[in-house]
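Engineer: The structure's right below; bear with me while I get my questions together.
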């Protein structure tokens, strides 16, 4: 006779085992109709699963994030149902939930066309209208193998055969279509109303370029048509803000086939990069970091000692010379330990903070490369802090302050924080994990910050905090991190002399704020739609004359501003002033100076902004003061 405890603390007693749906029915027909799944003692389950003992139960509906995830997962299976009806020879692979949607990987001889996508979506809508029940059946591995063997589904068979023999498998049945999944899924297709298929792309089976190329159908699903429309609107805006598109308009950078995943920085894009780098350099110096530089090509033996060779060999670019094998560094940390290891260190020397703008290369799959957001060659704002166990909390606390200081400078006030704790497989004693996790959580709590706990999501060598930015479209970008490492310093022989004159291994804190310069610049371009804050703008001022008579004055003004290190360009083309103003506005130049005969005679300059605000005429020194004020605002000038 289970006693069910509800989220509000109320309890309900049942005379026999009860399903989640029956609990919902006991609370009212409206809730039962809306029920999609349930959490039983924190575990997300199908509504048909019986509850046999006292439990805490939360009914999940489309208003909950868990409900939306369940709906999206069910839509992935609905793709399978529709595709198998329309294209019986198709073979189904996998169909997981992703951010804002879902996809299904399918093997089919003919490429799916836009018309095929329309037909699949139409068939899905027809199936939804049937309001049929989605039934779940728990089977053994052998039974699942036979089921998919009967259906001639080789990809499903491959997955089934890799599942441990004693593990249960759930089969979900959509009428004549059967799929497998951990679940949960909606109990009836009446919950599957608001969706849209988005596109088709290629994807290798299991991400292995040596395996079959499949077709991936992407879709999105939401709890209401209003949410779907808002999402599609955001996508439309995101397309306008695509950093690759804006980079082409502004001549910031380009990529090309001869160097996949490598950036060709143009002068204007490189100007943004240099401002960013110098700002981080100066800020780190104020926070007592030492800037260092380490080799890019390092002997294989160091990567073997650090453990990277075993775990990341396939992601490394390697080369040989004089019968020695080298790797181009995919990360900086082992090299930073080498610098720490030079000379005897005392506890009095700690903490030591080593920072590097380290150029790294990783052999990312070509299909995953995406402008600045996913590259092979990137530069990290990387630093490593070597400290004692007792110093961890203080160093984390200082880093949190630094993170928020820098993010605010770029106009990001919404920062999401996650703390990842010990996984099952790990190094280090429970005692040191307890201390480290407490140090991280206490540092966050002392700042009064809200954060989410991710149990078991830490690396094997230590817990970590992740910092994610929310941009103007509500998209979340994970950028900053601080990671405790108990393993690498010991593996690479790092030590210091403690107060008791004994050798101790320091704790190593891996930390980054931007993540990589390339990706962060991509985020900034999209966040600001290319209209960078004045301090970051590749060209801060464009000077233009109305007639050829004003050319010399324009050049003089440009020289004066350039001498003061403002990024200035002069436009002396024989074009109408309206054309020039429009062109530099489209180039997102923050300030436009216009000089005609009137300004030339008065010694003043006419000033307007890219947003169209007209300041009228003013002395050049007054404009410089205006420019300085705008630069000092940094990211606080807002997003337009």
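Even glycines carry a Cβ here, placed using N, Cα and C.
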Engineer: Record says 384, 510 bind Zn(2+). Source is Swiss-Prot. Which of 333, 335, 558 does it list for that same site?
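Structural biologist: Record source Swiss-Prot; matching candidate: 333.
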Engineer: What are the DSSP helix/strand/coil residue counts across the domain 'TGS' (1-61)?
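Structural biologist: Split by secondary structure, the domain 'TGS' (1-61) comes out as 14 helix, 23 strand, 24 coil.
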Engineer: List the same-chain residues at least 6 positions away in sequence whose Cβ sits under 8 Å from the Cβ of residue 510 (Zn(2+) binding site), in sequence order, or say none.
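Structural biologist: In sequence order, the residues whose Cβ lies under 8 Å from that of residue 510 (Zn(2+) binding site) (at least 6 apart) are 333, 382, 384, 481, 482, 483, 485.
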Engineer: Mean pLDDT for the region 'Catalytic' (242-533), rounded to an integer?
Structural biologist: 94
